[in-house]
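**Student:** First the structure, then my questions, so here it is.
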Amino acid sequence: MESAKPSKADDDSKVLQPPSEPLSSVQLAVGGMTCVACVRTITDAVSELEGVSEISVNQLGKSASAVVTRTSLVDSMVTLIEDIGYECQVISVTPISPAGTSRQVGSTRAVALEIKGMHRIFSPKDVIDTLEQFGPNLTVLKPHTSDPRNVLRLNYSPHAPEFTIRTILSAISAASPVEVSMWHPPSIDDLARIIYRREQKQLLLRLLIAVIVAIPIFIIGIVYMSLVKEDNPVRRYFDQSLWVGAVSRGEWVLFILATPVMFYSAEAFHRRSLQELWFLWRPASRASLATRFFRFGSMNLLISLGVSVAYFSSVVELAISASRSRTNTRVTSGSKTYFDSVVFLTMFLLIGRFIEAFSKHQAANAVTLLGKLRSSEALLVENILSSASSLEISTDLLELGDIVRIPPGATPPADGIVVSSEVTYFDEGSLTGESRNVAKSKGDEIFVGTINKLRVIDMRVEAIDGETMLEQVIDAVRQGQTKRAPIERIVDVVTSYFVPVVTAIAILTWVIWLSLGLSGILPPDTLSDSVGGWPIWSLEFAISVFVIACPCGIGLAAPTALLVGSGLAAKHGILTRGGGEAFQEASQIDVIVFDKTGTLTEGSEPKVTDEIIHSPSTEKDPGDDGNKTSKWSGQVAGVVLQLASGSSHPLCVSLRNHFHGHPSSTVIGSDIEELPGCGMKGKFRLTQGDTATEIGAIMGNETWLSEHGAIPNQHDSELLHRMKLEGKSVVLLALSSQEESIVPLPAKPGPPFSIAALFAVADPVRAEAPWVITQLHSQGIETWMISGDNQITATAVAKLVGIPSANVIAGVLPPQKADKIRWLQTLPRIQAAGRKRIGKNNSGVGRQIVAMVGDGINDAPALTAADVGIAMGSGSDIALSSAKFILLSSNLRGLLTLTDLSRKVFNRIKFNFGWATVYNLITLPIAAGVIYPAGHARLNPVWSSLAMALSSTSVVCSSLLLRLYKEPKYLDVDQGSTTEVKLEA
């Protein structure tokens with residue numbers, strides 16, 4: 001694409017160099033990883049680069065990610081990874097931007113266009129000249145170094161339907177007969193799939209050579225040189241000496257056939273093991289001597305050592321035979337070398353690797369399956385006024401603000417808002433796990449991956465280009481898969497010392513058997529007629545040890561189960577942002593703490609049930625009934641509307657809806673700000689005739705207002721108490737004639753505020769909440785509630801859903817919520833589970849694992865402080881970014897699925913880990929010869945290779961069995977109809 005760049009002389013002013021960012025996120029595709037030791041090798045190598053942090057390597061996803069301080073480090077990372085024997089390709093280098101930013105209508109969009117024939121028919125300069133007609137709305141960018149030659153990158157500011165990507169493509173096509181389309185670089189999933197296929201193809205080719213060679217090796221080396229009678233003419237033919245010394249025809253044939261297997265089929269093992277050793281011992285290495293001697297190598301090294309020892313010891317034995325004088329034409333009876341073992345050993349190892357690679361690919365398909373929910377075509381409504389017809393276009397050509405038609409049975413091509421007046425139903429099960437169809441009408445959101453089940457509707461596009469809910473689900477699953485469980489740290493320790501320990505055991509095994517032979521403890525007939533004597537005979541035990549020892553099964557125990565588990569969670573409407581650590585902690589939850597508004601209550605449409613507005617002249621009058629409709633009431637309504645418009649909190653939404661359409665005066669507001677957990681504040685200018693008054697206003701809970709001197713009078717206090725007993729949430733508005741009193745907490749205010757209005761809000765409890773709480777209690781999980789609301793209202797809500805009143809913490813600010821979570825974490829675990837204490841102290845019991853479920857900005861500190869933060873999918877961006885799990889459905893049933901699935905996944909990890917460990921502990925001594933004294937039984941290197949392959953393959957298959965997971969039967973029970981209750985946030 002270098003030639004696609006415009007010349008500096010002609011087009012320098014038309015090309016914009018993308019601004020550099022101080023920090024960038026790098027995504028790499030990495031091929032050649034076969035075990036957890038490979039992950040450690042790459043991580044250790046990249047960690048040596050200064051300016052690279054947050055390194056994460058995903059063996060199953062064939063990827064790696066890191067944060068770099070400068071983009072020039074990317075090339076160094078790629079070179080370093082390739083130097084140690086792995087394939088590496090850059091997927092993306094993305095500047096890190098603040099969380100929560102998303103593109104809005106009219107904002108800049110970056111795209112890449114593929115222009116077929118751009119260099120043959122249409123030069124890059126001609127393309128840029130054609131695009132000049134769009135003026136400052138479009139800017140051509142310099143291409144990335146990895147872009148194909150016919151790709152053009154540009155930024156533009158769309159405004160549908162007048163100026164869109166369709167307008168740009170039409171302009172280029174009209175200027176020249178070239179084919180123009182949107183170009184997308186290969187995604188991480190595409191590259192992982194390519195790497196898997198390439199590795200499987202290479203493995204298959206190497207395996208094919210080994211199988212072809214194994215057939216004559218089996219016939220000659222095993223059947224005719226070992227199994228048939230010695231007077232068989234074919235056996236006698238192969239036993240005859242040939243060329244030099246006492247080397248038989250059969251040994252020469254085995255040597256010739258085994259050599260291509262050794263240096264081609266097993267070449268990848270040798271090459272990678274040598275590269276790993278070179279990296280460890282290279283002059284620039286920062287590894288300590290202890291690391292070099294006691295933490296080196298991977299599975300490649302063990303396999304290479306096993307095959308190499310078998311091959312080269314056989315060559316030595318062949319040389320010894322060649323040096324002997326030929327006494328007769330028949331020099332041997334059967335094969336005494338390990339050339340046949342080299343072939344069968346390599347063949348079984350490659351079979352195991354191929355099956356393992358295939359199984360890993362299947363385990364890594366969870367994200368790919370989610371991606372298949374996307375639609376590739378869209379029905380664009382070109383004329384909104386005459387919407388009878390529609391045009392079928394690619395989803396790549398959609399813009400924010402486009403109107404798209406969705407027929408029954410179709411999935412939305414993008415996220416959007418329903419604009420049709422008709423009501424339809426959508427199946428959101430694939431995205432949220434919701435089993436029932438959800439009604440959608442004008443103004444409701446619909447998402448990619450859901451299915452229209454009833455009638456044709458139109459929607460306005462609100463999210464495209466990786467910003468859809470489905471893309472966020474995929475990104476969250478992918479990121480969660482790179483985060484490791486604490487149990488994997490044990491695996492890291494075990495595998496880091498595995499190769500040195502196995503090497504030491506193999507050498508020790510050889511020395512012991514050699515000593516037993518040379519000392520005469522073993523009877524002479526044990527040696528038989530081995531050409532190499534005791535050294536070669538005892539070497540077979542060492543080869544078996546090298547081959548059978550496999551850390552792959554141990555290393556794959558957790559990643560494969562977590563990979564399948566995160567895909568299952570996404571299938572049931574649960575995003576796993578916390579990865580393995582989140583799964584492990586969720587499987588051990590002792591306490592679940594709930595926020596109130598929007599979590600235990602519906603929170604979406606609370607209703608204002610009581611409205612009391614004090615007039616300025618009678619504000620302190622206890623007899624004021626609050627029903628005066630004067631200009632003052634209109635001004636208060638205007639203030640409340642402006643304050644409530646600055647927040648998405650359910651209470652503010654209810655106030656906005658309540659005053660919408662009510663008579664209100666125009667007031668000018670400024671410096672409106674939300675204080676999470678407290679309320680809203682701002683400054684206002686009120687006009688009465690020719691007089692203008694500057695006032696300060698605060699609106700929120702009773703505690704916060706009292707800190708500013710707004711104390712309810714006796715009459716108001718009685719009203720507030722009655723509202724709280726009814727389970728209503730209370731919002732107070734206070735005004736001050738001096739704006740200087742608007743100060744941030746915890747500073748003390750100036751002149752006191754006076755209460756101008758009181759509002760009571762009722763919010764229905766979620767229908768399933770009492771049932772979910774009951775189920776959690778039956779599982780031994782204790783439930784608590786933390787709320788910023790007053791104690792009376794919070795206790796009333798807790799009683800409705802089944803949370804003990806003693807477990808209600810009310811009237812707390814957001815930072816205090818986090819403090820309460822930390823306090824709960826300090827309690828002994830047996831106390832949290834409600835079990836009886838054993839003994840007088842709790843030494844060794846350990847603290848309890850606390851989960852927090854919330855949805856608002858004020859819940860973010862508590863979600864972060866909790867061991868397991870769980871956010872409702874309808875929650876704020878800050879709450880979602882603070883959580884380890886996200887429930888896409890607003891139904892709390894997902895909480896029960898989460899706890900059950902987490903236990904299943906973590907139990908499978910423990911089973912895999914235990915199985916792989918026991919497997920190695922049993923097979924390793926057998927390979928070393930502990931059972932040889934009992935009837936001279938020994939594990940041949942060939943059978944050792946098969947046993948090694950079964951180790952990792954069985955672990956992967958065990959994890960794949962998780963796909964059979966089904967939700968507990970009690971989740972199929974209908975929890976009844978919605979319970980209308982009045983409660984709050």
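A Cβ is built for glycine as well, from the same backbone N, Cα and C atoms used for every other residue.
Just so you know, TrEMBL annotations never went through curation; they're auto-generated.
Quick paste from TrEMBL:
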COMPBIAS  1-14  compositional bias 'Basic and acidic residues'
REGION    1-21  region 'Disordered'
DOMAIN    24-89  domain 'HMA'
TRANSMEM  203-227  transmembrane segment
TRANSMEM  247-266  transmembrane segment
TRANSMEM  301-322  transmembrane segment
TRANSMEM  337-355  transmembrane segment
TRANSMEM  497-521  transmembrane segment
TRANSMEM  541-564  transmembrane segment
REGION    602-631  region 'Disordered'
COMPBIAS  604-628  compositional bias 'Basic and acidic residues'
TRANSMEM  913-935  transmembrane segment
TRANSMEM  941-962  transmembrane segment
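Buried or exposed, and what's around them? Tell me for each listed feature.
**Tutor:** Using a Cβ-Cβ cut-off under 8 Å and counting only residues 6 or more beyond its ends in the same chain, the transmembrane segment (337-355) has close neighbours at 34, 200, 203-204, 206-207, 210-211, 213-214, 217-218, 221-222, 251, 254-255, 257-258, 261-262, 265-266, 269, 303, 306-307, 310-311, 313-314, 317-318, 531, 540, 543, 547, 940-942, 944-946, 948-950, 952-953.
Taking Cβ pairs closer than 8 Å, the transmembrane segment (497-521) reaches residues 37, 293-298, 301-302, 305, 527, 534-535, 537-539, 541-543, 545-546, 549, 551, 554, 924, 928-929 in its own chain, all 6 or more past its ends.
Away from its own ends, the transmembrane segment (913-935) comes close to residues 487, 490-491, 502, 505, 509, 513, 541, 544-545, 547-550, 553-554, 556-558, 944, 947, 951-952, 954-955, 958 of its chain (Cβ-Cβ under 8 Å, at least six residues beyond either end).
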**Student:** Are there residues at least 6 beyond the ends of the transmembrane segment (941-962) whose Cβ is under 8 Å from a Cβ of it, and what are they?
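**Tutor:** Residues 35, 306, 310, 338, 340-341, 344-349, 351-353, 355-356, 359-360, 362-363, 540, 543-545, 547-550, 552-553, 556-557, 560-561, 563-565, 568, 904-905, 908, 911-912, 915-916, 919-920, 923, 927.
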